[in-house]
Amino acid sequence: MDLINSVLNLFVPPASLITLAFSWPALCFPHACEWLYNTVYGDNMDGKVVIITGASSGIGEQIAYEYALRRACLVLVARREHRLRGIAENARRMGARHVMIVAADVVKEDECRRFVNETINFYGRVDHLVNTVSLGHTFYFEEVTDTSVFPVLLDINFWGNIYPTLVALPYLHRTNGRVIINASVESWLPLPRMSLYAAAKAALVNFYETLRFELRDEVGVTIATHGWIGSEMTSGKFMLEEGAEMQWKEEREMNVIGGPVEEFARLMVAGACRGDAYVKYPSWYDVFLLYRVFAPNVLNWAFRLLIAPQGTKRTSSYVGTGRSLEGRPMLEAPSPRTALLAPYSFSGGGQLS
């Protein structure tokens, strides 16, 4: 067996690369034709039903507006019902056929069943399920002394997407519908100070990749990954994907290149309606895939030099509307080093990337 593996290790990689190099144009042509066809004849969302979790602000809010422009019927789900009322009114003015708001916590399976059942009872169908809830953090893992929020991070970033999908799938099968997931570039490009978030997003992406195979073509899956997004990053502020405005503080400045939440939401909805398997924004992040595969040491050096250099104080946090989660303590590290979670609201939590 060792001999067989040695032979395969020697011949399979170069043979695969040569085959891919020659077959790449042939593979791209049908994909381009399919993309053009779906752009022209993609899903017409007029009157169709879309459930959006984490809809009270940020990406979830902007996605609601994009579907409203397409005259869809919306079900807006979040914990902050008072925020949903204003967004629902805006969506109606923008063209939504009808808007239902539901206060629910998507990390609880019974509440997911409740809002899906309410959707079916009222509309009789579900065409798209858009999961946007997330919770980001910034801390060095080895400095954490209070681990009580670890399960919360994983519940929100993983189970907060899985439970709604599980409950909605039987109804999505009936309409040949689609599940849209708000993932992140950290799922394949993990960054320092975001260890648990990156792990949860990687698990999420791999879950939906597997689910895509299981569902075949009966229910579509669109995985949207984004890098830094925001509207005020040049002034040191950025809009978290679920809407809480935060201030990035660090003992040295960090320059960030990103894009507006509105643009990501527009691309995400357009890609879902075309039936795209993936939506990436900004697309230039793809270059890091090459480094990840062929030169991983370059990324390691870059992170050490640019993000977490030796000799720099590890004092970084999000400040703004942050508070404890459900009365639970925030993550703390030995003074003066404090690692804070971005604010949690199950209209979604705050998330950085």
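From the backbone N, Cα and C atoms, a Cβ is placed for every residue, glycine too.
Within the listed segments 13-26, 69-82, 97-110, Swiss-Prot records motif 'Proline-knob' for the stretch 13-26. Record note: among 10-30, 199-219, 10-30 is the stretch given as transmembrane segment by Swiss-Prot. Of all the binding-site residues listed here (ALA64, LEU69, LEU74, ALA199), it is LEU69 whose C-beta has the fewest other C-beta atoms within 10 angstroms. Considering only the binding-site residues ILE59, LEU74, ARG79, TYR197 (active site, proton acceptor) has ILE59 as its nearest partner by CA-CA distance. In this structure the alpha carbons, written CA, of ALA64 (NADP(+) binding site) and SER184 (substrate binding site) are 19 Å apart. SER184 (substrate binding site): 28 other CB atoms within 10 A of its CB, across all protein chains. Residue counts of the motif 'Proline-knob' (13-26) by helix, strand and coil are 14 helix, 0 strand, 0 coil (DSSP-based). Other Cβ atoms within 10 Å of the Cβ of GLY54 (NADP(+) binding site), summed over all protein chains shown, number 33.
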